[in-house]
Amino acid sequence: MVPTSTSSSPFAPAANILNRIWSTQKGLKSVVYSSQGELTCSKTTFAQCSHVLEHKSTLDRLLKEVPSLQAKNQGLLYVLLYELLIGPNKRIRGGGAIKRQLMAQENILKEKLKEINASSLRKPCFNDPPLKSTVIPRYVRINTLVADSTTTLQKLRRRIRPIYIDPDVPDLLVIDATPENRALLQEFVLSNEIVLQDKSSCFSALCLVHGYGGKKKNSHCDFLDACAAPGNKTSHLAALVQSQNLGNCDNQSTEGTSVIYALDKSPQRYALLKRRMMGLVPDKSVQCYNVDFLETYGGAGINSKEHKDAEEVKQFARGTTLPENIRAILLDPSCSGSGMTSNHTEQYLDRDPYFMDERIRALSDFQFLALKHATCDFPLVDRVVYSTCSRYYQENEGVIKRILDFTTGEWQLVAPSCLKHWHRRGLFPKDGSDGLTFDQAKCVIRVDPELDATNGFFVACLERTNFKDNESDKTSSTWKSPADTLPEGMELYHNQFDDSLKASAQSSDTSKLSNKRKSSDLEARSFDRNIGTHIKKRSKKVEWKRQQTLKKKERLKRKNA
């Protein structure tokens, strides 16, 4: 039964709504708006509920720190606690038993709130300010599985100028993000010579492959892309595996050749993945499967620590068993997409805070489940790269912290040396509690969409603590950054497009305003034409009625005579 406040407190309506939200698991708008879209409470009550839900995580921590605060009416307790400590007036109107409890603990509550604010890690979340309107350059990755880098670059330069070389990702070009350039690229996209892939999303495969030699002598290692569709990262992974020579790439035989197993649960996304791989990856180095990653197992199957006997493992395995030679997993699960500049963050702000808090929590739980599956149910896998296009702590460092705690020393974070110069790293609490340590945070990569000229992204590379990569030194020594292999006459990209992108953004805003004005002018002219036509028609109708009245009078006059 939902607690209902019958007191005369001015906060009783807000308390009742909060209790309904928490008992029905609905959002604020779902509760306070009628089926006709009318607000069923006052605007003040709506604002009170919104503020409480916005700060619910802080209020939860306060109540946990002061367990003596108890009330049957949880909604009223939260509203009064907010009003006393966080609200603009810092006081509670009215009286009642809950107010007396809070006032008795006021000093303790204020001290606890200071501690929480001082120790709280800055966690980007749903009620952050929206991303600024950001225009990023166009990134073009040369598909080396189909085309030669030098030849393709020459062909592109004959069509598009200027073109720059990205300083971090091999075979990645940077061009101005104009509609004309987008049209000129279409021919190369259709021929599969290039892939339109954002820079930050290239980091996942780069971190997984670079420096990794996890294959034994005279053998090969396979890779798994757990959530592969639409396939940009998969094709990039295939190109990097070939360029790093991780296995015999003799296309005449699959034996000794590194294979990438690409999975996707959705039939529609799987169909898209398979169709794209047929064009982007000409050999059979990528094999696509329409299966749920959470129902697959590597080699022998279930966690080898729990099931030593092969027959027992076989008996317990309930899903698709993948080849045991898989040694590395790329995991890029579903996320909020809050780092994407193309996603208007305002859409998150339009939803009520409680709904967004629950959504982010559900996503992070799923992401942890997927990462736990990758690290625990593939006993021969020794490297996992986890990535998201989210800027929320809960989906990034929060998930990594949970998996490190869960695996208790079996896995460790490693800093990808291919991005050792990348300046933006992970978030960590200054007091060392409830998060990654400083050294762990230095191992993960963060990308800021407003500062790094690419979409927001997060990458973490995990390795087994007992993993000894005999060939990592070899592959690391042969690694060459784009700066080391800069083609003649080309320059590295260092924000050369900033001015044009800003001008483009301003032009876009001006264009929108201009279009709006043009639309207004057209509407005005249309209105003038319409009103003129209307007046003419009206005049004719009035004249017709006047004539009809005169005729009627004449008929009556003749009749009476």
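Yeah, the Cβs are placed from backbone N, Cα and C, and that goes for glycine too.
Within Asp198, Asp264, Asp357, the residue that TrEMBL lists together with Cys227, Ala228, Ala229, Pro230, Gly231, Asn232, Lys233, Asp292, Asp332 for binding S-adenosyl-L-methionine is Asp264. Predicted-model confidence for the domain 'SAM-dependent MTase RsmB/NOP-type' (128-465) is 84, expressed as mean pLDDT.
Site extent for S-adenosyl-L-methionine: among the recorded binding residues Cys227, Ala228, Ala229, Pro230, Gly231, Asn232, Lys233, Asp264, Asp292, Asp332, the largest C-alpha separation is 19 Å. With DSSP classes pooled into helix, strand and coil, the tally for the compositional bias 'Basic residues' (548-561) is 13 helix, 0 strand, 1 coil. Other Cβ atoms within 10 Å of the Cβ of Ala229 (S-adenosyl-L-methionine binding site), summed over all protein chains shown, number 24. It is 13 Å from the Cα atom of Cys227 (S-adenosyl-L-methionine binding site) to that of Cys389 (active site, nucleophile). Within 10 Å of the C-beta of Cys389 (active site, nucleophile) we count 22 further C-beta atoms, all protein chains included.
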